[in-house]
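Here TrEMBL flags 15-150 as domain 'Molybdopterin cofactor biosynthesis C (MoaC)'. Annotated substrate binding site per TrEMBL: 75, 76, 77, 113, 114, in sequence order. Residues or ranges marked as active site in TrEMBL: 128.
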């Protein structure tokens, strides 16, 4: 189990002790997509779903998801998030929705899981709100695209804006 921080020497799951880490400003951005039929994307654009404005509801769901990350992911630290920003953009040419979430805090551990959870919950909400007309939607490309702060420094995914 060498290199895996959530396991002890015997292979037991443990919550990482972050008490000795420096308090730094930490940020993480994740992205993902929900791909769908062109008619579904048009219906989102026209706000034609009875459940409400799909993009606004999914944005709120993503923010709520980030705040609930330690309730969903075992061994994830509860964090005092200082900022959660979730943006959804309709991709008309590709028939889909692009989701970007950025989380920030000043603390001893990173916010990657919160950003990834925000994107995933927002994507699931898009699916839930649109499934009556398009059960073939695909949630795809959920990934961390940037993180900063902490001992490991900055990370930028290949192909991410500003990256390699």
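A Cβ is built for glycine as well, from the same backbone N, Cα and C atoms used for every other residue.
What TrEMBL annotates, mapped onto the structure for a quick look.
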| residue | record | CB count, 10 Å |
| --- | --- | --- |
| 75 | substrate binding site | 13 |
| 76 | substrate binding site | 18 |
| 77 | substrate binding site | 17 |
| 113 | substrate binding site | 22 |
| 114 | substrate binding site | 28 |
| 128 | active site | 14 |
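Excluding the listed site residues 75, 76, 77, 113, 114, the same chain places 69, 70, 73, 78, 79, 109 with Cβ atoms within 8 Å of the centre of the substrate site Cβ atoms. The average per-residue pLDDT of the prediction over the domain 'Molybdopterin cofactor biosynthesis C (MoaC)' (15-150) is 96, rounded to a whole number. In terms of DSSP secondary structure, the domain 'Molybdopterin cofactor biosynthesis C (MoaC)' (15-150) contains 45 helix, 44 strand, 47 coil.
A straight line from the CA of residue 76 (substrate binding site) to the CA of the residue listed as 'active site' spans 26 Å. Of all residue pairs in 75, 76, 77, 113, 114, the annotated binders of substrate, the farthest apart have Cα atoms separated by 13 Å.
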